[in-house]
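J.: Got a structure for you, questions after.
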Amino acid sequence: MKPNLKQWKQFMLFGICAWGLLFLVIFVYFTDSNSVEPVPSAFSYVESKKHFPLQGKQRAIMGAHQDQLFSYAIDDQDLLKEGILDSFIVGPGSMKKMAGADNYFESEQEFIMSKKTQKSTSNNHEDDDDEIYLHKNIDSVSGKKAPAYGKRYYHDTQRQHKKIRRNMQRKKQHMIEDSYDWNGFSSSMSKSFLQKLWKGNVSSKMLTPRLQKARREYLRANKLGVNFNGKQNSRKLNPQELLCVLKDRAQVKTLDGKDAPFSSLGWEKYFPKIALNKLYPHGFSTCAVVSSAGAILNSSLGAEIDSHDAVLRFNSAPTRNYEKDVGNKTTLRIINSQILTNPNHHFTDSSLYKDVTLIAWDPSPYYADLHMWYHKPDYNLFPPYEKHRKRNPDQPFYILHPKFTWELWKIIQENSNEKIQPNPPSSGFIGILIMMSMCRTVHVYEYIPSYRQTDLCHYHEQYYDAACTLGAYHPLLYEKMLIQRINQGTEDNLLRKGKVILPGFSSIHCPIKDHIT
């Protein structure tokens, strides 16, 4: 009987040890599997909104458009409370100094944007309970039980509790996000992507599948017959070299009626007698280029914009009811050919197009065949232009020569590592280069988005699409990387205001013989 009793005791002891081991394995398993799934990148999204077609006559009007996934908005004070914005204030210099951004952006995958909102009382209590629970368990395990389990178990437990803490923080973030009133704002752009865009270091592979597909389709379609025979620069030009290339080649050219078919049609009398590059003989000291992007809402940039000597706006972007954010002054307005031909824009009677210098443009074939373009423009801007000139002969109103827009396209392509869309640059990029030819300093607002980045295409329209910021028809992504390379503004200006500061051509000093190509 005694041997049996002894065996029975051994069996019971073995069973207790086995149960203890099983309990420990189950505990470790469930602790590991409790991690919150990381939020998928916004660039692997499944589209849930109905988008306008990316091709044909639904060509984007403005050069700053966007893709719908989440609805986020943000406020200065939220970031100030978290101490995030302060880490970006490093004064003038290169974007390479954005060490603070690197640290911040490593924490999460998504660019979480928020409006000022208070957490609910229940959420506060839950947070407190989580913290109390965590501290109690850390104390009990690491403080009292660690010696009993040995150093290895102690370190394993520490790692487990770090993981628990991260999971709690993610849980809190999701609770806070759920409590916000997103108010229709959206951004499908990840934080890491935005950071790279600020540094001018992104590629088409980082775009959403939809925008990648749109880019491939435009490359394949090549509607305008682009046959680029140039070559990409063998090395990346430094900012000064790139500025000299722009100064040398981005010479603003408008139609003057002296080229066929306009010369034979008697159009010379309709075009202004004074060339655009001589319209303001003394130029301007400082100028503002105001993007129509939704990110400019809630910026309070209006007074700063109006303080400039000249202000350029785009298409049908209004100022009325938006003065606080976009200002009220307008000196020049660039208009896409759709503005002249679409009755919804009221080109003939809207005050937006009066008492300002107008600059219109329309995509032409790549080789700038004026005959072909005149008889088959993308949108037939010529009849409304003629009508407007007859009614308002004293208003400066120009049509850009296609050679100018395609020369800008060539510069972008030569300084990009990938094939860009075979379509003209956006109105935004065209406007920036025109103002660089007129002003000593150019301040560009929300062309490269600030932390207020949103998928709201235009501040005055309720339409959301990531193509508005990153490009579908226009090679916007590559335009913005080029502009960022020559940006002389501070990191803080770009982060808070979406402001890029560029030197005008008159203030750029280049070698007389410059072989930079």
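Cβ atoms here come from the backbone N, Cα and C positions, even for glycine.
Swiss-Prot feature annotations, pasted as is:
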TOPO_DOM  1-10  topological domain 'Cytoplasmic'
TRANSMEM  11-31  transmembrane segment
TOPO_DOM  32-517  topological domain 'Lumenal'
CARBOHYD  ASN201  N-linked glycosylation site
DISULFID  CYS244-CYS510  disulfide bond
DISULFID  CYS287-CYS439  disulfide bond
CARBOHYD  ASN298  N-linked glycosylation site
CARBOHYD  ASN328  N-linked glycosylation site
DISULFID  CYS457-CYS468  disulfide bond
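What's the neighbourhood like for these features in this structure?
T.: When averaged over the topological domain 'Lumenal' (32-517), pLDDT in the model lands at 77.
The C-beta environment of ASN201 (N-linked glycosylation site), restricted to residues of the same chain at least 6 apart in sequence and closer than 8 Å, consists of MET481. The secondary structure of ASN201 (N-linked glycosylation site), as reduced to three states from DSSP, is coil rather than helix or strand.
All protein chains included, CYS510 (disulfide bond) registers 16 other Cβ atoms within 10 Å of its own Cβ.
A sphere of 10 angstroms centred on the C-beta of CYS287 (disulfide bond) encloses 26 other C-beta atoms. In the three-state DSSP reading, CYS287 (disulfide bond) counts as strand.
Cβ neighbour count for ASN298 (N-linked glycosylation site): 18 (other Cβ atoms within 10 Å of its Cβ, all protein chains included).
In the three-state DSSP scheme, ASN328 (N-linked glycosylation site) is classed as coil.
DSSP classifies CYS468 (disulfide bond) as helix under the three-state reduction.
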J.: Among all chains shown, work out which of the disulfide-bonded residues CYS244, CYS439 has the most CB atoms within 10 A of its CB.
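T.: Buried the deepest by this measure is CYS439.
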J.: Any idea which of the disulfide-bonded residues CYS457, CYS468 has the thinnest Cβ neighbourhood at 10 Å?
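T.: Across CYS457, CYS468, these disulfide-bonded residues, the one with fewest Cβ atoms within 10 Å is CYS457.
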J.: Please give me the CB contact count at 10 A for ASN328 (N-linked glycosylation site), counting all chains in the structure.
T.: 14
J.: Quick one: pull the CA-CA distance for CYS439 (disulfide bond) versus CYS468 (disulfide bond), whole Å only.
T.: 27
J.: Translate the DSSP assignment of CYS439 (disulfide bond) into the three-state scheme.
T.: strand
